[in-house]
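> Before anything else, here's the structure in question.
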Amino acid sequence: MPKHYRPPGKKKEGNAARYVTRSQATKMLQVNLPTFRRLCILKGVFPREPKKKVKGNHHTYYHLKDISFLHHEPILEKFREIRGYEKKIKKAEAKKNKDLANRLLSRKPGYTLDRLIRERYPMFVDALRDLDDCLTLVHLFAVLPASDRENIEVKRVHNCRRLSQEWQAYISRTHKLRKVFVSVKGIYYQAEVDGQKITWLTPHALQQVLPDDIDFSVMLTFLEFYETLLSFVNFRLYRSINVKYPPILDPRLEALAADLYALSRYLNRNSSAPMVESDDVGSSGSVQPEVKQNGQESEESELRLAQLQHQLPYNEPGALMHLVEEAANADEEDEDAKECKNLFADMKFFLSREVPRESLLFIIPAFGGIVSWEGDGAPFNESDQSITHQIVDRPKQDHIFLSREYLQPQWIFDCVNARLILPTEGYLVGRVPPPHLCPFVDDEAEGYVPEYADTIKRLQAAARNELLPMPGVGKEDLEDPQRLVVEGIIGRTEANEAAQKKQKLMALEKQYHDELKMELEGRVTNQGNETIAKDDEVRDGLNDPYLKQVLDDADSISKVVMSRKKRGLYEAMKKGKERKKASVNLLKERKRKLEAAGKSGKQRSCS
């Protein structure tokens with residue numbers, strides 16, 4: 001009797017017992033396919049990929065334990081109740097009984113997802129880790145137009161806009177924004193909240209078109225869950241700074257579509273750590289600190305508590321002010337937050353009407369700047385003489401104030417990514433700005449460092465009073481470090497370090513030549529992936545075809561003794577290196593062509 005034979009009626013084993021197809025799952029739960037999709041999205045159940053697909057490769061598989069988990073879900077009974085209630089409404093409408101239909105519509109049962117949020121995210125850190133897609137989808141629907149055809153309601157769009165602006169107001173108020181990148185898809189942001197890096201994408205402020213090849217019912221189900229999740233997160237974050245949630249906004253600013261500015265004013269007015277600054281210093285420009293009714297009592301109680309705990313002398317002058325300053329800086333212990341808060345300090349910005357206003361209203365206050373715009377509800381006008389920078393995106397200006405600088409919006413983004421006030425000469429109005437570099441890419445790991453990235457790195461080193469190697473000091477200078485000492489470029493300690501580095505390089509080179517000599521004599525050694533990686537690094541620098549052939553033969557011998565899995569991984573690594581090298585060569589070729597075109601243009605202009 002063969003091993004795979006199983007008598008009829010016996011219990012299944014292996015993948016056939018652990019996994020079920022989607023059609024089998026819907027039959028087990030007794031629901032239709034849209035309800036099953038909705039239930040899986042809300043509960044966080046996703047398809048699996050078993051090693052052996054019993055029913056074939058054209059099926060979608062789910063784990064049997066996940067389906068059993070859904071079988072006892074209370075929200076499933078709620079879906080069935082709502083479906084039965086909708087049948088009653090349709091029956092009343094078919095009988096043209098409008099009174100009964102309206103009465104049934106007013107009493108339609110509903111459900112909440114609060115229990116699912118607490119079930120899927122038992123800790124607040126878990127919710128922050130899963131917030132990337134949530135913020136991206138909420139910001140997307142905040143700019144989409146309402147559509148009856150796709151069941152996108154106006155109420156839902158307004159709710160997404162409110163949630164996204166509440167999140168941005170908190171990030172801006174607590175100075176937790178870290179990186180910004182403007183791309184064709186939209187604007188990428190990265191913030192750091194409670195040690196978790198959260199990256200999301202917001203679309204550009206343009207008219208959005210709803211495509212026909214997207215299933216909006218699935219996206220709306222995700223949005224339904226993400227709205228509840230973001231409400232929970234915003235509530236927790238606002239409570240962490242002792243601000244009442246949901247916030248109550250100024251109706252005048254809300255009517256003028258200045259919701260983010262109104263939220264910033266609300267946060268600065270009600271947070272437990274107000275920023276004690278001048279009258280026009282705040283997150284958006286015109287925030288005046290207010291004194292709470294019980295502020296004096298709380299300060300006195302804190303002073304008494306500190307005296308009882310022997311933290312302060314009894315008659316220390318300014319002891320109460322010291323406590324207030326400690327309370328104000330309690331949430332700013334992070335070095336990154338302090339650096340971000342002081343980046344645009346003592347700078348006053350004014351935004352022209354053609355620049356992306358909402359993005360800059362979010363970024364500039366997050367880095368300590370004061371900002372206003374052209375329109376109703378702005379804190380100050382364009383004629384204010386204290387404005388230091390005006391952000392414009394037009395080639396010419398009708399009226400120019402000599403007391404301020406007129407810059408392009410890219411200067412703000414590049415300064416934020418570099419954490420440095422960059423020189424403004426390349427960003428002046430009418431000039432082609434420098435390349436906008438992506439802060440999420442490690443240039444050294446990619447093998448190509450753009451010229452402007454190297455310039456920014458040197459500016460950062462100069463700001464930190466660090467010394468970088470000069471552009472003229474190259475690899476040939478390492479061979480004779482004493483010459484650099486004589487010329488005064490480097491010191492005696494650096495020369496000794498360079499000499500030690502040179503000795504190490506010479507030892508490695510000697511070792512490689514010895515191994516190469518052994519291979520030529522026929523004593524080829526296989527040391528696994530390390531030898532292969534070393535051969536790959538050296539092969540590019542060899543010009544002798546005979547030596548290349550020897551290395552290729554050693555490579556093939558090494559691959560013979562590998563397992564199939566390791567061989568596949570090695571081939572994938574080689575393809576990845578070749579792809580990266582090709583992209584780097586393409587970038588270098590483009591740079592060479594641009595430089596050649598620039599030189600030819602200069603020669604033509606001179607002639």
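The backbone N, Cα and C atoms fix where each Cβ goes, glycine too.
Features from TrEMBL:
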type	residues	note
COILED	75-102	coiled coil
DOMAIN	339-429	domain 'BRCT'
REGION	275-300	region 'Disordered'
REGION	571-607	region 'Disordered'
> Could you please provide the mean pLDDT value for the domain 'BRCT' (339-429)?
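On average, pLDDT over the domain 'BRCT' (339-429) sits at 89.
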> Cβ under 8 Å, sequence separation of at least 6 from the ends of the coiled coil (75-102): give me the contacting residues as numbers and ranges.
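Distal contacts: 29, 31, 35, 38-39, 42, 108-109, 111, 116.
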> DSSP helix, strand and coil counts for the domain 'BRCT' (339-429)?
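Within the domain 'BRCT' (339-429) the tally stands at 25 helix, 15 strand, 51 coil.
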> How does the region 'Disordered' (571-607) divide up by DSSP, counting helix, then strand, then coil residues?
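DSSP classes over the region 'Disordered' (571-607) add up to 36 helix, 0 strand, 1 coil.
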